[in-house]
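Annotated features in TrEMBL:
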- Tyr121: substrate binding site (BINDING)
- 1-19: compositional bias 'Basic and acidic residues' (COMPBIAS)
- 340-349: compositional bias 'Acidic residues' (COMPBIAS)
- 159-261: domain 'Pseudouridine synthase I TruA alpha/beta' (DOMAIN)
- 1-25: region 'Disordered' (REGION)
- 327-349: region 'Disordered' (REGION)
Amino acid sequence: MAGKEMHPARASHQQDRKARGGWIWEDTQYPPKRLRGSEEEERPRKLPKRKIVLLMAYSGKGYHGMQGVSAAGQVVSLKVWLIDDILDKINSHLPSHIRILGLKRVTGGFNSKNKCDARTYLYMLPTFAFAHKDRDVQDETYRLSPETLRLVNRLLSCYKGTHSFHNFTSQKGPREPSARRYILDMYCEEPFLREGLEFAVIKVKGQSFMMHQIRKMVGLVVAIVKGYAPESVLERSWGEEKVDVPKAPGLGLVLERVHFEKYNQRFGGDGLHEPLDWAQEEGKVAAFKEQHIYPTIVSTERDERSMAQWLSTLPVHDFSATALSAARTGTKVPSPLDGSEGDGGGDTD
């Protein structure tokens with residue numbers, strides 16, 4: 001009836017209906033709701049995030065974990081807003097020894113770790129690491145001969161193919177399927193001089209690597225070339241028994257390239273996505289290695305002598321003994337000695 005007050009419950013119900021319809025009323029307990037005006041409706045909405053990969057490089061010293069390990073071609077996947085000059089804006093917040101070198105659009109479900117089907121690492125070391133312990137000088141005046149380089153490459157080529165690398169990592173048994181790894185290629189390039197010290201680069205390409213695997217692969221070849229271990233230890237290291245395999249220092253290990261060959265075959269030519277080959281970024285990658293990675297390795301080796309210190313531990317290893325033979329004689333196989341970089345590793349799945 002006219003003139004009568006509305007029942008409180010009915011008034012509350014009408015307020016709820018008005019609220020759902022976009023009305024606003026004063027409430028001392030709750031602040032007023034802000035509705036979108038016509039001007040705001042006309043503003044462009046926020047750009048959707050897109051799945052991309054970034055090509056990243058960094059000189060590996062002074063980071064937490066993986067001490068001494070660098071990357072010239074690391075790839076990470078993430079979703080971002082593709083704003084203008086995004087690479088320049090990201091790099092403006094990074095130190096000079098960490099750079100984003102490239103960006104590419106990828107499929108929505110892309111994962112850089114899971115879609116990777118091979119990785120290429122390089123290991124840069126002073127060539128006096130290959131000087132024979134009895135016949136050659138053991139300092140920076142040493143120069144790698146063509147004969148020794150051929151020996152190094154012959155030994156490195158033995159790693160090619162599928163082997164059980166349980167002796168080249170930790171906490172893996174010889175019969176564990178995950179210890180079997182496929183190495184596509186491994187070789188040593190021609191030596192070169194830096195600041196009066198001769199270096200060489202070992203390159204290895206494999207489907208995947210376990211913790212410390214590459215450093216131990218290098219360490220065992222160095223032990224053979226220097227005359228501390230027989231060549232037969234290579235075959236024994238892939239067998240059932242536990243073999244003492246030395247681990248070379250982390251300094252010098254660089255992730256050079258991550259391969260996405262299967263992804264490129266499926267999506268690289270579909271007209272929507274670019275192949276992940278980074279051919280246009282090769283100049284930036286080479287420049288970063290020359291400006292940051294190689295100088296860091298050279299200066300750190302000169303200052304800390306990590307390779308020279310590690311080489312002095314090789315006589316402690318017993319390359320003729322295995323865990324089984326040591327148990328029979330009651331002796332103990334010495335534990336592998338770490339390099340000077342700490343227990344970081346870096347060459348992982």
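A Cβ is built for glycine as well, from the same backbone N, Cα and C atoms used for every other residue.
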Cβ-Cβ neighbours of Tyr121 (substrate binding site) (radius 10 Å): 25
Across the domain 'Pseudouridine synthase I TruA alpha/beta' (159-261), average pLDDT on the 0 to 100 scale: 95
